[in-house]
Amino acid sequence: MRRPMVAGNWKMHGTRASVAELIKGLSNLALPSGIEVVVFPPSLYINQVIEGVEGKRIAVGAQDSAIESAQGALTGEIAPSQLVDAGCEFVLIGHSERRQLLGESDEVLNRKFAAAQATGLQPILCIGETLAEREAGKTLEVVGRQLRSITEAFGVAAFANAVIAYEPVWAIGTGLTATPQQAQDVHKAIREQLAAENSEIAQGVRLLYGGSVKAANAAELFGMPDIDGGLIGGASLNADEFGAICRAAGN
Ligand code: PEP
């Protein structure tokens, strides 16, 4: 039985004051039991959030981490070991904004993925196709290649301790959501690709959907058999909306 997960990616949003407000809102939520909730604040506010949600069944993760697991001479980066030291449990790897706007390649992301796992951080690997790729009928090819980049480098066993987020790039922050069936079709293909190598790992790995999820569409998406929760961007900045999405995952 896979435990549903709702993950909130705050991206580059927030000030100390607005983060304090959001922590207050999240702390007041009655979260359903049986689901895992994680938030990903900007790194600058990770400590504030970890202290603020203490005892609230909300885990904290980072939106990115360095290619090396240990601290060292790498200006501007944060080592996975430092994130663990701060109390983080998860890290996003390969969000499309980093792949597309910052040019992060599969090779770089493989290093980040491995460095994170080496410290005990659980990576959430983000994969997904652009609109042009979908329109060209290449969705499964693109997602399959992004997934294979990890399995070829580290073996399918890498997903015994990782989460996958399928996020069609055309649905992120656009208000356009994949239909539950479109999302399910890709999630099923991801699981089948992993199952071809190891069915136990394929059945155990959590596959999140991300792309304009909100309270109004969450239940339908999370009701699909291969969708185990969501990676939520914009709607995670509103505690009440995020709480409603968490309740949808708990039903
Ligand atoms: C995201 O940033 O991962 C995301 C899914 O954003 P949004 O929910 O705003 O589309």
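Note that Cβ sites are derived from N, Cα and C of the backbone, with glycine treated the same way.
As written in TrEMBL, here are the features:
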type	residues	note
BINDING	N9, W10, K11, G173, S212, G233, G234	substrate binding site
ACT_SITE	H95	active site, electrophile
ACT_SITE	E167	active site, proton acceptor
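Feature map: annotations from TrEMBL on the structure.
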residue : record                       : Cβ within 10 Å
N9      : substrate binding site       : 26
W10     : substrate binding site       : 21
K11     : substrate binding site       : 18
H95     : active site, electrophile    : 27
E167    : active site, proton acceptor : 29
G173    : substrate binding site       : 13
S212    : substrate binding site       : 20
G233    : substrate binding site       : 23
G234    : substrate binding site       : 18
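Straight-line distance linking the Cα atoms of G233 (substrate binding site) and the residue listed as 'active site, electrophile', rounded to a whole number, equals 11 Å. Checking the binding-site residues W10, G173, S212, G233 against ligand 1, the ones with a C-beta less than 6 Å from an atom of that molecule are G173, S212, G233. Comparing Cα positions, E167 (active site, proton acceptor) lies closest to S212 out of the binding-site residues N9, W10, S212, G234. Here the CA atom of H95 (active site, electrophile) lies 13 Å from the CA atom of G173 (substrate binding site).
Surrounding the centroid of the Cβ atoms of N9, W10, K11, G173, S212, G233, G234, where the record places substrate, the chain contributes additional residues within 8 Å, namely I172, I232, A235, S236, L237. Counting only the Cα atoms, the space from K11 (substrate binding site) to the residue listed as 'active site, electrophile' is about 10 angstrom. Cα to Cα, W10 (substrate binding site) and H95 (active site, electrophile) are separated by 12 Å. In the three-state DSSP scheme, G234 (substrate binding site) is classed as helix.
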